[in-house]
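Since the structure comes first, as structure tokens, the remarks are kept for the end.
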């Protein structure tokens, strides 16, 4: 590798250029480290809910807001920040976001009450919004600079980092709790944030306005009204998903009103926040978002529901519960590492969907006296789709999205990730109203089984997944 700087954007590689014009590998470290902040904070908390509830004397129905708060902030913030990344470049938003992560981690570590802790989780959600859209934007811009298609090794590294961090999180959280109590789950964000700030400052490219080209300058106006309506729509929807009951009938109504206003606005404005005409004509990308919702609904339902059952139904300590989930982490790492360099998507999704169905069926046989090997087997089966499906959906998005909106599309993918997570949170609350017992786990398994069957049904007829290159209507 002979590229010496990432600070001055360069044009596409001329034909015949040598390897010096290849992907700038100095960008990989800040991209990967920044992008894991969101999944690691999502998953570490799975083993901390019970200790936090005990520390503040609050039931699971209240501590679950720690999960929901981050998901809500992230789901609303990701596409907004992603659009800003598309318009203004990744550097400033990456640095601002990771700085906020460190501040939120410190606030959580010192929180005197559950309310302050929830505030810290909201700030964590907002702070972690920038890194993943920034990473996808950098990969796309480097691809344009070098004149090559997306480097599979870099996309694979990003997917491995995100998918495996998400499933390693419970084990890491259990270790941190064993070493320093539940507050360590928040404290760990401070050194992670500092590392991101150093790497981002040194390696991410500057993009002055004059270097972004006429297209970027033309897109400078921000669709504030569209963003506000989008945020209102998602907030109302996700608040209802967090606590779906008849008394909250007004939330779906607000969702519908905001959605109507959002659609009317985006169809009329010259520079929309979300180009609904382009998105509506890109059916493969919409299918990718649907698969992401279904995959994450099952994955997050298992991660939080099964972990709580291990602690309350099986009687394991938080650190021991984290160890039981370690095979899930190893399975996800192995699945992603083996298949990461292959761009093929259909096979990954097919195998992942079938493994998810098998895992849910196995959970129906689990009870408090089940041997640890059976619990570990269920974790392995869930880990396989965590590795395969996430990688396939990320690769699909890269090839299907409009290159000029890769950041906002990546943000939308994360939004659909957390729509699935919020559905999982609602399912956990519905099936574990007071305590994570075995009958509730079996009802949860049936819910996950149904979701997994729908996912398989969505994968089987999708012929666009059999092609490894662009399927979006942008001529790629």
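Just so it is clear, glycine is given a Cβ too, placed from its N, Cα and C backbone atoms.
Note that TrEMBL annotation is computational and uncurated.
Looking at 160-178, 274-292, 293-311, the stretch flagged in TrEMBL as transmembrane segment turns out to be 160-178. The transmembrane segment (318-338) makes contact with the transmembrane segment (372-391), as judged by at least three Cβ pairs under 8 Å among residues 6 or more apart in sequence.
In this chain, the transmembrane segment (93-112) lies out of contact with the transmembrane segment (412-432); the count of Cβ pairs under 8 Å, excluding pairs fewer than 6 apart in sequence, is fewer than 3. Only residues 6 or more beyond the boundaries of the transmembrane segment (372-391), in the same chain, are considered here, and those with a CB under 8 A from a CB of the stretch are 156, 159-160, 162-164, 166-167, 291, 295, 298-299, 302-303, 306, 310, 314, 324-336, 339-340, 348-349, 351-353, 355-356, 358-359, 362-363, 365-366. Highlighted: of the candidate stretches 93-112, 184-202, 222-241, 247-264, 345-366, 184-202 has the greatest count of Cβ pairs under 8 Å to the transmembrane segment (36-57). With a cut-off of 8 Å between Cβ atoms, the residues of this chain six or more beyond the transmembrane segment (118-139) that come close are 27, 31-32, 34-35, 37-38, 41, 45, 65-66, 69-74, 77-78, 80-82, 85-86, 89-91, 93-94, 96-101, 103-105, 107-108, 111, 150-151, 154-155, 158, 162, 186, 189, 196, 204-205, 397-398, 406-411, 414. Remote same-chain partners of the transmembrane segment (345-366), defined as residues 6 or more beyond its termini with a Cβ less than 8 Å from a stretch Cβ, comprise 291, 295, 298, 302, 306, 339, 374-375, 377-378, 381-382, 384-385, 387-389, 391-393, 395-396, 438, 441-442, 444-446, 448-449, 452-453, 455-456, 459-460, 462, 465-466, 468.
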